[in-house]
Amino acid sequence: MALLAVRMLVLGLCVGGQAAAAGEGQSTPATCSPLCRCDEDGGADCSGRGLTSVPTGLSAFTYYLDISMNNITELPANVFRNLPYLEELRLAGNDLAFIHPEALSGLHQLKVLMLQNNQLKTVPSAALKNLNALQSLRLDANHITSVPEDSFEGLQQLRHLWLDDNSLTEVPISPLQHQSNLQALTLALNRITHIPDNAFANLSSLVVLHLHNNRIQEIGKNCFNGLDNLETLDLNFNNLKIFPEAIQMLPKLKELGFHSNNIASIPEGAFCRNSLLRTIHLFDNPLSFVGTTAFQNLSDLHSLMLRGASMMQDFPSLTGTINLESLTLTGTKIRSIPADLCEDLTVLRTVDLSYNDIEDLPSFQGCVRLQDINLQHNQIKQIDRGTFQGMTSLRVLDLSRNQIKFIHRDAFLSLSALTNLDLSLNSLASVPTAGLSALNQLKLTGNMELRNGLMSKTLPKLRSITVPYAYQCCAFVAYDSAVNPAEDDERRNAFGGEEDMERIPMVMHCSPLPGAFKPCEHLLGSWMIRLTVWFICLVALLFNCLVLAATFSPRTSSLSPSRFLVALLASANLLTGVYVAALTLLDTVTWGSFAEYGVWWETGAGCQVVGFLAVFSSEWAVLLLALAAVERCLAVRALMGKAGALRSRGERRERRRRFAIAALLLGLVSVAAACLSLYHGSAMGSPLCLPFSEGSSPGLGFTVALVLMNTLAYLLSAVVYTRLYCRLGRAQLADPEQAGSVRHIAWLIFTNCIFFCPVAAFSFAPLLAGTSNAVGGPEMAKSVTLIFFPLSACLNPVLYVCFSPSFRYDWLHLRGRGRTGGCGRLVAKTVTKGTVAGGSPVSDDGEGLSSDCGMYTKLHGDSRGMCEHCDAALHIRTSSSSGSSSSSACRHLVKSHSCPALMGNVPQCLSSEGYWPDTGTLSAQSEYGDEGDSFVSDSSEQVQACGRACFCQSRGLPLVHYSYNIPRMTD
């Protein structure tokens with residue numbers, strides 16, 4: 001007190017002197033070093049200035065000096081001799097490695113000394129001896145390995161001592177034996193492995209003891225002897241294997257932590273002598289046993305946290321722990337909760353029982369103050385009516401990641417204060433909303449059985465909701481955009497007028513949001529897209545059925561490999577048309593309210609069947625087109641003499657069989673791809689039932705694989721046809737039949753590739769950041785998918801019907817314009833030989849010229865049938881382009897007789913030697929008709945003669961015969 005009075009007197013004199021000087025027009029500035037910032041109260045801040053020594057020129061009345069975060073490496077003797085009134089000295093964050101024994105001499109008023117974050121290797125005991133007023137000493141974050149016995153001699157006023165974050169290997173027992181006034185001791189973050197008995201025997205005033213983050217494996221039973229006033233004990237993050245029974249010698253202990261150790265069991269009555277405990281942290285220990293009575297009768301316990309006791313099976317008894325407010329028991333194998341839990345814990349506010357094996361819930365009716373319940377990741381299967389009855393204070397309820405299948409419709413009836421409800425990742429088929437008038441946030445993600453929508457009007461205060469399906473957001477988005485005016489007035493009145501209501505956020509957040517692939521009203525979107533899809537559907541169904549009917553008609557000739565592939569391609573395209581028809585029908589049935597049926601459609605068998613058909617048909621069509629390209633290449637090479645023409649009927653059949661097997665194998669590949677789309681669920685999650693949808697999904701890899709396979713198929717077709725065109729010369733392509741077939745397949749490949757590119761681009765879009773936004777977003781992706789995906793199935797049969805002479809011949813037979821018979825078969829074979837995918841007739845294997853003279857002889861008796869077959873050939877001639885040619889057989893029949901019906905009983909036309917009987921010339925052996933034998937070179941008189949002959953024959957008039965060479969019909 002005397003020193004304080006002297007100091008106040010000196011300060012008063014200084015102030016009076018300064019005032020007198022000011023009265024005379026002069027000023028006396030306060031003494032301060034130019035390297036520091038000083039204040040009027042005697043504080044000097046010299047931190048972070050890069051100083052290498054203690055600054056000079058400071059006022060003698062400085063009581064606070066901060067020279068931390070500099071580069072001072074040592075303190076010389078008497079460096080602070082001019083600062084007798086210094087009370088707080090901060091030297092942290094320097095590189096101090098040496099402190100002279102006399103460096104701190106003269107600092108008799110020093111109370112706080114901070115030496116942390118330096119390079120000290122031992123406690124500077126000599127320099128600390130004369131600091132009799134020191135109350136707080138920080139030596140943490142150094143490299144201290146030892147503490148001399150006389151380190152703290154003379155520091156009788158010391159209250160707080162920090163020795164943490166050093167390299168101590170043992171508790172400094174001797175240096176601490178005289179610190180009876182010490183209240184807080186920190187020895188954390190060292191290398192201490194053992195605490196012996198009576199280690200803190202003389203620290204009777206100690207209140208806080210931190211020993212965390214050491215390597216303590218063993219604690220003596222009497223190590224805490226003498227700590228009669230200890231309230232906080234921290235033993236976290238050590239290697240303890242046995243429960244520290246020494247804590248029973250701490251009668252005033254209030255906060256205990258020994259989490260993150262290796263303690264395996266907590267004995268019965270473990271805390272029976274620690275009745276004042278308020279908080280216990282026991283988590284992250286491999287507990288296999290917890291005594292039932294371990295936590296009984298802890299009347300002051302407010303928080304109990306036990307986490308990670310993976311072997312714990314029984315719920316601990318909490319009898320007598322009447323003031324518990326927070327209970328955390330997670331990561332155990334507890335299967336049930338005591339029915340009388342709320343009878344003992346009436347003031348409980350927070351319960352966390354997550355990550356256990358709880359199957360049944362008792363009634364929480366007695367826990368009237370409970371505000372937060374966390375029961376996620378358990379085995380709960382149902383919520384009964386009385387489980388949460390009477391819990392009017394409950395605000396947060398987490399029941400996620402359970403197996404809940406049923407919730408009673410009145411289970412939430414009394415939860416008038418509930419604002420957050422998490423029911424995600426369960427198996428709920430319905431969610432009751434009665435009583436949830438105050439709910440702000442609702443999570444229902446992962447309840448895939450929840451297909452029905454929620455009524456937004458039953459949740460008036462809901463602001464955030466997550467649902468399993470985007471369609472269920474349609475009700476909330478629409479509700480938010482069109483609020484009922486009456487309800488709007490009620491809200492405005494409740495919040496006290498428009499100004500107050502404007503401050504309240506009224507935005508509804510619903511996830512996942514509906515969009516182009518999750519429409520709320522119409523599946524097909526705009527009318528332009530809808531009309532286009534309808535047109536594609538009708539054309540695909542009509543023309544593919546027409547191609548199949550004409551190709552497989554019993555009136556037509558036998559199928560060549562090319563026509564067989566045409567039929568299979570039409571079948572695949574027809575299935576695609578069926579897929580589009582299903583979408584158009586669904587759009588019509590769910591007109592304006594697709595959200596009500598979207599979930600049922602996506603998750604039902606109908607979408608799976610339609611998706612299977614779509615993937616199978618599209619993949620098979622792509623692969624068949626590649627096979628058709630290969631077949632055309634082989635056929636043309638054979639005709640050009642590259643591989644030799646097939647002569648025998650057996651070889652022709654073998655060739656047809658090989659292509660049929662190849663088509664079947666490709667069909668099996670397509671079936672496998674369609675099945676994989678169902679297995680991976682890539683066709684799910686979109687009402688289009690296709691593996692092409694917006695955003696990334698688990699099936700994105702499968703989608704990419706499909707696109708790559710289709711790309712390879714188109715690339716193969718393009719390479720095959722490019723090589724074919726390069727090898728064929730202008731003279732060889734001059735044959736109109738050959739050129740027509742090759743050109744037609746080329747057009748098919750070109751158009752199908754063009755239609756495939758947009759679909760493939762949008763399939764890869766999710767892999768490229770920002771692509772969907774750049775090209776128009778999901779709306780554009782959906783439009784492209786709806787139009788370009790089935791467009792090839794629409795155009796392929798149209799090309800075949802409009803540009804294939806083979807189809808015209810089949811169509812005439814389908815209409816009954818032709819009859820079966822030798823010349824009929826001859827005309828059919830010659831017209832359709834080598835037809836592929838709507839190509840012009842090109843002889844692929846020579847089967848078109850397989851009729852012999854015997855066949856003619858049999859047909860000569862039926863002059864009317866021969867005339868009708870010739871008439872069919874003439875119709876083909878007149879309906880074909882000028883560049884195409886008709887059957888060479890009927891061509892020569894017309895030359896010979898003007899009409900085959902006029903031949904009468906002409907004898908066998910061919911001799912055994914292969915010469916024509918009328919001329920004796922060698923019969924033709926080539927499989928190609930010469931240009932002189934085409935209908936283009938025939939005179940119109942011959943054509944008219946055939947017509948006149950047919951007219952005369954029908955009326956029994958005389959006939960006129962002409963004699964021309966008839967070519968030999970080869971096998």
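Glycine is no exception: its Cβ is also placed from the backbone N, Cα and C atoms.
The signal peptide feature in Swiss-Prot is assigned to 1-21.
Across the range of the repeat 'LRR 5' (156-178), the DSSP-based residue counts are 4 helix, 3 strand, 16 coil. Annotated repeat 'LRR 5' per Swiss-Prot: 156-178, in sequence order.
Positions annotated as repeat 'LRR 7' by Swiss-Prot: 204-226. For the repeat 'LRR 7' (204-226), same-chain residues at least 6 beyond its ends with a Cβ under 8 Å from one of its own Cβ atoms are 164, 180-198, 232-242, 244-247, 249-250, 257.
Under the heading repeat 'LRR 8', Swiss-Prot lists 227-250. Looking just at the repeat 'LRR 8' (227-250), the mean pLDDT is 95.
Residues 283, 287, 298-316, 350-367, 370, 379 of the same chain, all 6+ positions outside the repeat 'LRR 12' (322-344), place their C-beta atoms under 8 angstroms from a C-beta of that stretch. Sequence annotations record features per position, and here Swiss-Prot assigns repeat 'LRR 12' to 322-344.
Long-range contacts of the repeat 'LRR 13' (345-366) within the same chain, counting only residues at least 6 positions beyond its ends with a Cβ under 8 Å from a Cβ of the stretch, are 318, 321-339, 372-381, 383-384, 386-391, 398. The repeat 'LRR 13' annotation in Swiss-Prot covers 345-366.
The annotation repeat 'LRR 15' is assigned in Swiss-Prot to 391-414. Through the fold, the repeat 'LRR 15' (391-414) approaches residues 354, 364-365, 367-385, 420-436, 443 of its own chain, all at least 6 residues removed from its boundaries and within a Cβ separation under 8 Å.
Same-chain residues lying 6+ beyond the ends of the transmembrane segment (532-552) with a Cβ under 8 Å from its Cβ atoms: 524, 559, 563, 566-567, 570-571, 573-574, 576-578, 580-581, 583-584, 786-787, 790-791, 793-794, 797-798, 800-801, 807, 810-811, 813-814. Under the heading transmembrane segment, Swiss-Prot lists 532-552 (among others), citing sequence analysis as support.
Annotated transmembrane segment per Swiss-Prot: 564-584 (among others), in sequence order.
A Cβ distance under 8 Å defines the sequence-distant neighbours of the transmembrane segment (609-629), meaning residues of its chain 6+ beyond its ends; these are 562, 565-566, 568-569, 572-576, 578-579, 582-583, 659, 662-663, 666-667, 669-671, 673-675, 677-678, 683-684, 689-691, 706, 709-710, 713-714, 716-717, 720-721, 745, 748-749, 752, 756, 789, 792-793, 796, 836-837. Annotated transmembrane segment per Swiss-Prot: 609-629 (among others), in sequence order.
Feature annotation from Swiss-Prot assigns transmembrane segment to 659-679 (among others); the stated evidence is sequence analysis.
As annotated by Swiss-Prot, transmembrane segment applies to 700-720 (among others).
As annotated by Swiss-Prot, transmembrane segment applies to 745-765 (among others), with the evidence given as sequence analysis.
For 783-803 (among others), the entry in Swiss-Prot reads transmembrane segment, with the evidence type sequence analysis.
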Top Cβ-contact partner of the transmembrane segment (659-679) among 564-584, 745-765, 783-803 (pairs under 8 Å):
564-584
Kindly report the helix/strand/coil residue split of the repeat 'LRR 7' (204-226) according to DSSP, in that order.
0 helix, 5 strand, 18 coil
